[in-house]
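S.K.: To start, I am sharing the structure in question, which I have written as C-alpha cells.
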Amino acid sequence: MAIHLVIIDALNLIRRVHSAQPDPTDIANTIQNTCRTLQRIISESHPTHIVAVFDHLGSDRGWRAEILPEYKQGRKPMPEPLLNGLEKIQDAWWQLGIDSLLSEGDEADDLVATLACKVAQHGEKVTIISTDKGYCQLLSPTLQIRDYFQHRWLDQPFIEQEFGVKPQQLSDYWGLTGISSSQVTGIPGIGPKAAKEILSQFDDIEQAFLSPDLPKKYRTKFDQHIELARRCKRVSALKTDIELGFNLQDLRFTANETH
C-alpha cells in the first residue's frame, strides 16, 4: 500500500482556528472547531499515517536565538486560556486517531522538516498542513505543503510568483531580505526585488559575495553585512537531522480503531 504521511503544524492550525472565535476563553469551541477542521483535512488527503507536531512552550527560544539573539524576541505569548487548553485539544485529536509530537528544545518546524524529509527521501508521499511559507524550502517531487485556510498549495509556481526564486534558494532569499515577523533583519537596504535580482544571477549568498560580477550597488552592503546575512540565512533554514526516536509505523492512521 502506498504511504501518505500528513504532518499537522499544530499550533499554526490551532491559533488560526482560535483567533476566529468570538469568545477566546471558550476552549470547548476551539476543540470542536479544530476537530472539525482535522476531519475535513483527513477526508481530503486520505492519509495512511498522520501526526500533529507541537512547539515546546518553555522560555528557551532555541538554537536560532543563540545565533541571532533578537530572533522572535517580543513575540506575543499564547493566550492563557488556549495555553491551558492544549492538553484537552491533544486528547480530542487522539480520539480522532492523531497522535501529538511535542518538541523538546527544538522548534516544531525543525521536527516537521526532519520527519517530512526522512519519509520523502524514501519516495513516499508527504503533505505538511501549514500556512508557514518557511516549509517551501523543503519542496520535492514527493513533499508538498497545503495551506488549508487559503485552500491553496504552496508549490513551485506559488514560490515563483511570491518570491521569484527556487525553493532551494529561499533561505538565501530570507538571509538577504530578512523575515520581519521573526525579527530576522537580513541585509539593510536589500528588499524582495533586490534579492530576486541577486538570486537570479547567483545560486546563493556566498557565490554572490565572492563574485566580481556582483552589481556595484550591492557590493558595499554585502561587504558591510555579510556575516549578518549568513546568520539570517542559518536561522531561516530548517534543520532536517534531528534524532526522532520513533519510526513511521508509530504514526499509522488508526481512525477506525479504539484508542
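From the backbone N, Cα and C atoms, a Cβ is placed for every residue, glycine too.
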S.K.: According to Swiss-Prot, I187, I190 bind K(+); which of L176, L199 is also listed for that site?
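M.R.: Among the candidates, Swiss-Prot records only L176 at this K(+) site.
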S.K.: Taking 189-194, 201-206, 225-230 as the choices, which stretch does Swiss-Prot tie to region 'Interaction with DNA'?
M.R.: 189-194
S.K.: How many whole Å apart are the CA atoms of I187 (K(+) binding site) and D109 (Mg(2+) binding site)?
M.R.: 24
S.K.: Quickly jot the same-chain residues contacting the region 'Interaction with DNA' (189-194) by Cβ under 8 Å, restricted to those at least six beyond its ends, or write none.
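M.R.: For the region 'Interaction with DNA' (189-194), the far contacts come to 163-164, 176-177, 218, 221.
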S.K.: Tell me the Cβ contacts of I190 (K(+) binding site) under 8 Å, same chain only and six or more apart in sequence, or just say none.
M.R.: L176, T177, I198, Y218, K221
S.K.: Would you identify which of the binding-site residues D109, L176, I187 has the most other C-beta atoms lying within 10 angstroms of its C-beta?
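M.R.: Of D109, L176, I187, the one with the most crowded Cβ is L176.
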